[in-house]
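Engineer: So Swiss-Prot lists these for the protein:
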- 21-28, 68-72, 128-131: GTP binding site (BINDING)
- 180-189: compositional bias 'Basic and acidic residues' (COMPBIAS)
- Cys203: S-geranylgeranyl cysteine (LIPID)
- Cys203: cysteine methyl ester (MOD_RES)
- 180-206: region 'Disordered' (REGION)
- 43-51: motif 'Effector region' (MOTIF)
Amino acid sequence: MAANKNKNQSSLALHKVIMVGSGGVGKSALTLQFMYDEFVEDYEPTKADSYRKKVVLDGEEVQIDILDTAGQEDYAAIRDNYFRSGEGFLCVFSITEQESFTATVEFREQILRVKAEEDKIPLLLVGNKSDLEDRRQVSIEEARSKAEEWGVQYVETSAKTRANVDKVFFDLMREVRAKKMSENKDKNGKKSSRNKKSLRERCCIL
């Protein structure tokens, strides 16, 4: 029975999501809220924690693998390895901390550098702690402008109230899925072209 369960899970589509952003912006809180429906306020700084969950995405059962990475500068060197394995990224800042918003530029540049061979990288800009509106330092207009400049979606979340938590993970999975489908289509198209060319060559020889 366990073997069948593992077999079923391994046959599900797996989408790999990486959480990036400065320390203390709530990456772990967002992840834990999505995974377990609970708000964890005090959380030890993360080096890298991995989580996996089975979800239903637009009627299809899939698995999401979430890697929650450290925002601290001490871990900057090892982030490259984590970024290479990622298929989609949630670039998180706190709306109550201007510095964390400014830092998203550097995180995105690191992602683009590591994934330089890829075309469009699935990424969402996420402004967390929307429940702390009275302490806001980053305006919605400023964040939207940055997202528009990057060609990505901007969403505000609250790990505390769970506002838009599911939305950011599911929207990102949709982008990852669309990219995979596009890449598979391109591969199949090239393969088909090679087969036709090979067939024409064989016909000429005959």
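Numbers here mean position along the shown chain, with the first residue as 1.
Each Cβ is built from the backbone N, Cα and C atoms, and glycine gets one as well.
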Engineer: In which DSSP state, out of helix, strand and coil, do we find Lys27 (GTP binding site)?
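Structural biologist: Note: Lys27 (GTP binding site) is helical by DSSP.
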Engineer: Which number gives the other C-beta atoms within 10 angstroms of the C-beta of Gly24 (GTP binding site), all protein chains shown included?
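Structural biologist: So the Cβ neighbour count for Gly24 (GTP binding site) comes to 16.
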Engineer: Which is it, of Thr69, Ser130: the one of these binding-site residues whose Cβ has the most other Cβ atoms within 10 Å?
Structural biologist: Thr69
Engineer: Can you count the other CB atoms that lie within 10 A of the CB of Lys27 (GTP binding site)?
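Structural biologist: Other Cβ atoms within 10 Å of Lys27 (GTP binding site): 29.
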